[in-house]
Amino acid sequence: MLTGFAKVEGLGNDFLLIDRRDASPAVLETLVARLQSAAPALCDRRLGVGGDGILLVAPPRTPEAAASMIVVNHDGSRPEMCGNGLRCVALVVAGSARELVIDTDAGALACAVREYQPRTCPSGQVAIDMGPPALQGPHNVGGRAFAAVSMGNPHAIAFVGADEDPEALARGEGPAVERDPLFPGRTNVEFARVDADGSITLWVWERGCGITSACGTGACATLAAAIAQGLAPHGRDVVVRLPGGPLVLRQDRAGASITMTGPARVAFVGQVEVPAASAG
Ligand SMILES: N[C@@H](CCC[C@H](N)C(=O)O)C(=O)O
């Protein structure tokens, strides 16, 4: 099956976006199975289009939503949420509307597109109400303390000192933590450092992808863990610096939603063959 796609990115976290808002539930079910099976090849950076994952834009599931987002990781697994991906989906779906709701596997989320550049390959800034974080307590993995936080999808966050390198730790320890038996559904793994100006430097080993240049849900989970540990405040914008650039986050009070603002862009459009799902 040949399908059109847009290659989209938010801070370099990049995806093939396939817009099938016209699809019936049966067509969608088959397509999701095909995309899960084909994801490693489609996302391969030498042999395929290249990407950290696939975003399938599907018809809305709730009356107030404009569309729904289904995410497939590079390895074919299906996560519940993707913050950078949702900014890209909001940008593509928004059209002339600037505020819209998108359904995700983690619920319906409100998005606002700003600074929209209406080109063939549009770009803009997107603010999202990411919903409240769920703090799930500490875990000790390999002698290191991780805070478990869900943003719909799971995250394990470790704060490191100025003498430790979050990139080296994410690359070195991320793979084992992702698959530690303490996290039966696997987990995204964050290594974060709070800097002198109050911003947070963050490297993420993503479940199903490995190191990415940014992770929106990871940044939100890290802010929640930082606030819980007294390392960041409520009621003020906090800049989270990822390898691909900064996200601006804020939580006004305990239990409230986290808002996330950052860029989204269509890089190019094309067509690609999606083979039938392989058996098993
Ligand atoms: N990059 C994303 C998160 C994508 C899903 C993640 N790999 C998972 O398996 O939960 C983001 O920006 O949030």
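For all residues, glycine too, the Cβ spot is worked out from N, Cα and C.
The active site, proton donor annotation in TrEMBL covers Cys82. When other Cβ atoms within 10 Å of the Cβ of Cys82 (active site, proton donor) are tallied across all protein chains shown, the result is 31.
The feature active site is assigned by TrEMBL to Cys82.
DSSP classifies Cys215 (active site, proton acceptor) as coil under the three-state reduction. TrEMBL lists Cys215 with the feature active site, proton acceptor.
Taking all protein chains in view, 28 other C-beta atoms sit within 10 angstroms of the C-beta of Glu206 (substrate binding site). Taken from TrEMBL, the feature substrate binding site covers Asn13, Asn73, Gly83, Asn84, Asn153, Asn188, Glu206, Arg207, Gly216, Thr217.
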### Summary
Taking only the CA atoms, the spacing between Asn153 (substrate binding site) and Cys82 (active site, proton donor), expressed in whole angstrom, is 8
## Note on the structure
Out of Asn13, Asn153, the listed binding-site residues, fewest other Cβ atoms within 10 Å surround the Cβ of Asn153
### Summary
Around the Cβ of Gly83 (substrate binding site), other Cβ atoms within 10 Å, all chains included, total 29
### Message
Quick check for the class: what is the C-alpha distance, in angstrom and rounded, between Gly83 (substrate binding site) and Cys215 (active site, proton acceptor)?
### Response
7
#### Entry: Neighbour count (Cβ, 10 Å) for Cys215 (active site, proton acceptor)
35
